[in-house]
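Input: a single structure, listed below in structure tokens.
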């Protein structure tokens, strides 16, 4: 088969920046607190990977959240309520992005290696353009810059559809999904890659599966840290990506393995 890996499309929080994917979670919890609704970080993580509008709508439909909403408002939420909450959320998330915009260890080195291999770098995200415009220069200053990107609202459908992946492919002038890898730490992101028909790599430790900052993880006893890492890896395996890695620092050997699979005429998992 006359192709090879030509582009890697990454997620942002938990994959390339913000170890533990903390920024969005803190903002969601604060958002609902401002409405008089209690929410845990674990609850806020459940729909991670979809657009922020869909994320808020999903959280409002959680029974434990819905009951609090009904107690306060006496009526179920509407799309207009989601719109209003999103307008409140965006400034909160801006602050959290500024606080949690540090690259995950290994990202800058990986980006340099991909450039040397003439492999393009792209991103899809549940962030809006407004939020992404804040994040792009922060990442660039640290040595990570994408060639193409697509964001929430850029296409009619977001994740888990393939529309943002297709948008990136068109921008790159590439049309063979087998030459793409999608790297993500969430189920909608992995499903997005599968919908596109490309290779998928799930990030288990640095992102949403584990949900701890690097400092929190390193502060744990080794036995407990290893246990949590193994649980995160197993949870990511359940999403059936082609490969599971702890962080993007482990990606280069996977690219070599995928190129070998392509040369043998093999295909990604359905």
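Each position is counted from 1, following the chain as shown.
Heads up, the Cβ atoms here are built off N, Cα and C, so glycines get one too.
A TrEMBL annotation is a machine prediction, not a hand-curated record.
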TrEMBL annotation, Mg(2+) site containing 11, 13 - matching residue among 175, 185, 226, 242: 185
Surrounding CB atoms that lie within 10 Å of the CB of residue 52 (active site, schiff-base intermediate with substrate), all protein chains: 24
Cβ-centroid neighbours of Mg(2+) site 11, 13, 185, 8 Å, sequence order: 12, 14, 15, 16, 18, 21, 48, 49, 184, 186, 189, 203, 207, 208
